[in-house]
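Colleague: First the structure, then my questions, so here it is.
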């Protein structure tokens with residue numbers, strides 16, 4: 001297994017950007033892969049491109065517009081408003097069915113062609129928003145499936161799986177990229193860079209995490 005190269009699933013948001021710079025510390029060669037699925041907050045792709053260009057990281061954007069056709073929801077349709085809070089039952093309307101399944105599957109195909117075994121993704125079960133494809137059991141299951149499907153040894157690494165948003169901010173701080181993550185990323189479901197709209201679930205979680213990080217670690 002090649003332990004010197006890694007591919008990062010990169011959206012241009014807080015979590016994947018933190019993982020990207022974490023990977024840069026650990027591996028000699030890092031490639032970022034983003035997906036264009038005609039998402040409503042498409043500015044995230046511009047953030048991803050800008051970050052990779054500014055910090056000299058090889059970057060590829062793969063076309064996955066089919067996902068938009070298959071899974072209409074508040075992140076892929078202009079006429080569907082993002083839920084401001086989690087529903088009592090079921091998943092939030094910001095959940096894109098099959099997104100992480102497809103992202104990781106396509107990245108695995110790409111990785112094999114590049115002779116790379118390590119795939120890094122920023123999913124987290126600790127602060128997850130009710131998304132089933134952010135759970136550790138899903139990632140481990142998919143890892144086994146991809147290995148069997150392609151007769152190749154992949155290792156999917158999830159640096160944020162068991163840490164909360166405050167600890168994710170702390171990781172960025174320890175990596176020396178806190179300002180980059182704070183100012184140059186896009187997490188907002190309404191497509192607003194940095195601090196975002198402040199109202200969508202992603203912004204609320206990000207803001208709460210930063211407040212807890214400041215309180216706990218920047219005393």
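First residue shown is number 1, and so on along the chain.
Cβ atoms here come from the backbone N, Cα and C positions, even for glycine.
I grabbed these lines from Swiss-Prot:
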- 10, 11, 12, 13, 14, 15, 16, 17, 18, 19, 20: ATP binding site (BINDING)
- 188, 197, 200, 203: Zn(2+) binding site (BINDING)
Colleague: Cα-Cα separation of residue 20 (ATP binding site) and residue 188 (Zn(2+) binding site), in Å?
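Modeller: Each residue's Cα considered, residue 20 (ATP binding site) and residue 188 (Zn(2+) binding site) end up 19 Å apart.
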Colleague: Note the Cβ centroid of 10, 11, 12, 13, 14, 15, 16, 17, 18, 19, 20, the recorded ATP site, then list each other residue of that chain whose Cβ lies within 8 Å of it, in sequence.
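Modeller: In sequence order, the nearby non-listed residues are 8, 122, 181, 185.
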Colleague: Using the centroid of the Cβ atoms of 188, 197, 200, 203 as reference, list every other same-chain residue with Cβ within 8 Å of it (recorded Zn(2+) site), in sequence order.
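Modeller: Here the non-site neighbours turn out to be 187, 189, 190, 192, 196, 198, 199, 201, 202, 204.
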Colleague: Closest of the binding-site residues to residue 203 (Zn(2+) binding site), Cα to Cα, picking from 10, 12, 14, 16, 18?
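Modeller: For residue 203 (Zn(2+) binding site), the spatially nearest of the binding-site residues is 14.
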Colleague: If you count the other Cβ atoms within 10 Å of each Cβ, which of the binding-site residues 200, 203 comes out on top?
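Modeller: Of the binding-site residues 200, 203, the most buried by Cβ count within 10 Å is 200.
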Colleague: Any idea what the Cα distance is from residue 12 (ATP binding site) over to residue 188 (Zn(2+) binding site), rounded to a whole Å?
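Modeller: Counting only the Cα atoms, the answer is 11 Å.
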Colleague: Check the Cα-Cα distances from residue 188 (Zn(2+) binding site) to the binding-site residues 14, 16, 18 and tell me which is shortest.
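Modeller: Checking each of 14, 16, 18 against residue 188 (Zn(2+) binding site), the shortest Cα distance is to 14.
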